[in-house]
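Right, one structure below, let's go through it.
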């Protein structure tokens, strides 16, 4: 019996090893399982938490597929799962699944293209560096780039190598869904994909002596590509239509675009724009309120004013010249060379020179494209880690796309290259081990220390920080006193200061669990990405607080803020705009969070 079991197990392993698709699935399942068992999966930024809350109906009485940054089609796709099992965060699960499928199809392509040892080496490097980053710190922009690049690369490979239609369709679906997550990611992936397309067309032209067959092949490739572009464009148009057909959602979308143009732009100080801003009635304190995410007054910070302010800021930016010395200094200060994703790209480039001399020239073009993207981010002064991750991922995937099966001249050479592959695999797995040793300092943190514990590591969501990946947030003490205050006083409306709460408070909710419907029916951010979102506006109307800043003086409206953040700006705003004697008094302090009560005098 034991012998039969051993034989059966051996046959099973042999079957998996011989099958590229089974090997790809098994490798990726094992890697994902190790992440889920040993690591603490969390959202990198609050945007994903907000979208998951919207989808589960936390801000309203029902599920809402309008996910702000993600195509409404994704919301519609996930809605049935929330109806079946409303306790589970399907938003997180399906994002993990999308990453898993993307890495799996890339692994399959590598196993098909390369020698087994070489393919395993590249897959290990890909998963331990880019995969662990994407799985542990989930972020929709990173997910979008993973899906778009994986889908596009395999789609092009299947087209030019004349693989099965099933592979083409699977890859195309991944690419389309990736654009749902962030449509503008196509511009970041586009440079790399265009280079691949040009090289592949030139190769076909050189290899195909019969021009008639060449054009027949090109017609098929162009037709498939155009069909994919049409589907992607159609999905984008549907998303636009779903917002524009409803006046409330249309207003929200237009307001969000103006808001993003203001808060995401470089800040040169009020003096730089003073003359133009004064013409539209924006004082210096008003400007500070806008820049610090406190634009919670649709009478003063109306859509028209926000759009005009955005135009003023953008016009000024166009006339600002940034010297190359400043850019070089900024790049040096950014510390890109210390990112694991950067180092992985360096390693792959060296391996390309060693193993792929025929195509190693592509590295020059690829990293030229990558550098151009990075340089552009510095020129527009918009440097965030998730974008940098996307650039390095794009370069990494494009580089290994050009790898080919290695033909060894003799057995000794074959053994040498396998030895290198084993060494690289061993090093990657060894460096992965620290991620599986979670930081247990959370055990020494009580509810009052949790805020500082989270802030010290996660507040700067735009920067890379190695400690984020080992930090545990889903266990230990939560901000129970503050949460209990909000939940037991439904007669009150609690407004949260963006800078104080946005990158901290959401970690009190387990990302694996869906936020219950109506959970946030008396708590909103004073201003943020949900400003003027219809569900949130409905809550404000319920508490007679349509103008949140002005409503701070209402009897049952409270502000969770920090005395050392922008509290003084809010007081000054009320004094300048509405109540000359307005003031704020500390009402309570719970779990390190300060609750303030405003009065007219």
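A Cβ is built for glycine as well, from the same backbone N, Cα and C atoms used for every other residue.
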Feature transmembrane segment in TrEMBL, mapped to one of the ranges 281-300, 301-320, 361-380, 421-440: 361-380
Transmembrane segment range according to TrEMBL, out of 59-76, 203-220, 221-238: 221-238
Range among 251-267, 387-403 that TrEMBL annotates as transmembrane segment: 387-403
Of 21-43, 88-111, 118-137, 143-160, 221-238, whichever stretch has the most CB pairs under 8 A to the transmembrane segment (338-355): 118-137
Top Cβ-contact partner of the transmembrane segment (172-201) among 88-111, 118-137, 143-160, 221-238, 361-380 (pairs under 8 Å): 143-160
Intrachain residues whose Cβ lies under 8 Å of the transmembrane segment (361-380), provided they are six or more past its termini: 188, 191-192, 195, 199, 322, 327, 330-331, 334, 336, 345, 349, 352-353, 387-388, 391-392, 394-395, 398-399, 402
